[in-house]
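Enquirer: Relevant sequence annotations retrieved from TrEMBL are reproduced here:
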TRANSMEM  12-37  transmembrane segment
TRANSMEM  49-67  transmembrane segment
TRANSMEM  73-91  transmembrane segment
TRANSMEM  103-125  transmembrane segment
TRANSMEM  179-202  transmembrane segment
TRANSMEM  223-243  transmembrane segment
TRANSMEM  249-269  transmembrane segment
TRANSMEM  281-307  transmembrane segment
Amino acid sequence: MPIRGLMEGAMLSALTAVLALLGIYIVPLSLITNLVWTIPIVVAIVRHGWKIGIMCLGAATVLIALFAGLPAAIIMALHFGGLAILYGIAFRHSWSTFKSVGLGTFVVLISTISVFYVLMLLAGLTPESFQQELGNAVNYAIESYRSAGLLELYAEQGITEEALRNQFNSWIQMFRNTLPSLVVMASLLAASTNLFLARLILKRLQLPVTTLPAFREWRLPWETVWVVNVGLAAALAGDYWGISWLYLLGINVLYVIMPILLVLGFSVISYALDKFTLSPFLLFVLAVTILLYLQHILVLIMVFGLFDLIFDYRSKMDKFTSA
């Protein structure tokens, strides 16, 4: 290996460790550092190859272990280390954004599940005991309300302790039912944010990156419609025949795809606004309408994104403007 690559890798390892340690010791900063601490590893791979990148990750993990303990180092490396290696290879070999985000989401999903099980092992929990603790959360919440005197206030408003307990139980049940989709969406968000931040840093360092399409050009393959069809079919069939696991599968698939369709719908609208010039008055009316009927407008935009997969509105706009 070239000496220059090793020296630069050592410096990038130190920078990686410093960013990770900042997030560990200054907890509010972890929201930022968790998104950027692996970027030096991406830079190392783009410049010198995946072997230097793995060495950087290993050295940074050792440094984190020395200053924050082995468990913290393992969790940090396990959570985003694989993503850093993947994105370094992706940028080095000019993968498409769609491919990078897709594989990145899968890697973060596996890493998140692994970190969850490591944390349970460190806490001495099993999946069964974790479920039990989650159920006990209702009792903890009720007792905290009681000690704070809130139960009496709610009783004066006609809200009984039993009603509160039922409400908390319904929230926990909803959390359990939608946990898979929440984890997938969190993984997608983390993977996308890491990719765009890494891309920004690489551009600032004048390193080659693939061209990112303008937001109005973001598209998905039409086969994505089948994801919606499968989700709807599973949810309806599970509800009709009383098959709870099939119903929950369908619901979670829909919960994952709906925000993606919403983004796609906004992309189509952005394309339309770029193609057709609206007067300031119409833009004002449109903005007020969106604010007044936000919930319904968001659903409409989501449906708009879904039908764009089938009808390709943007090509129709191009034909209309060129006619």
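Glycine too: its Cβ is placed from the backbone N, Cα and C atoms.
Remember, TrEMBL labels are computer predictions, not curated facts.
Give me the local environment of each listed feature.
Expert: Sequence-distant contacts of the transmembrane segment (12-37), counting only residues of its own chain at least 6 positions beyond either end whose CB sits under 8 Å from a CB of the stretch, comprise 43-44, 55-57, 59-60, 63-64, 67-68, 72, 76, 79-80, 190, 193-194, 197.
Remote same-chain partners of the transmembrane segment (73-91), defined as residues 6 or more beyond its termini with a Cβ less than 8 Å from a stretch Cβ, comprise 20, 24, 34, 37-39, 41-46, 50, 53-54, 57, 60-62, 64-65, 99-100, 103-104, 107-108, 110-112, 114-115, 118-119, 190-191, 194-195, 198-199, 202, 207-210.
Here the transmembrane segment (223-243) has Cβ contacts under 8 Å with residues 249-251, 253-254, 257, 260-261, 306, 309-310 of the same chain, all six or more residues outside its ends.
Counting residues 6+ beyond its ends, the transmembrane segment (249-269) has Cβ neighbours under 8 Å at 177-178, 180-182, 184-185, 188, 215-220, 224, 227-228, 230-238, 298, 301-306, 308-309, 313-314 in the same chain.
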Enquirer: Within the same chain, where does the transmembrane segment (179-202) have neighbours whose Cβ lies under 8 angstroms from its own Cβ atoms, ignoring anything closer than 6 residues to its ends? I mean 6 or more beyond.
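Expert: Cβ under 8 Å, 6 or more out: 34-36, 38-39, 42-43, 46, 80, 83, 87, 91, 97, 100-101, 104-109, 112-113, 208-209, 212, 251-253, 255-256, 259-260.
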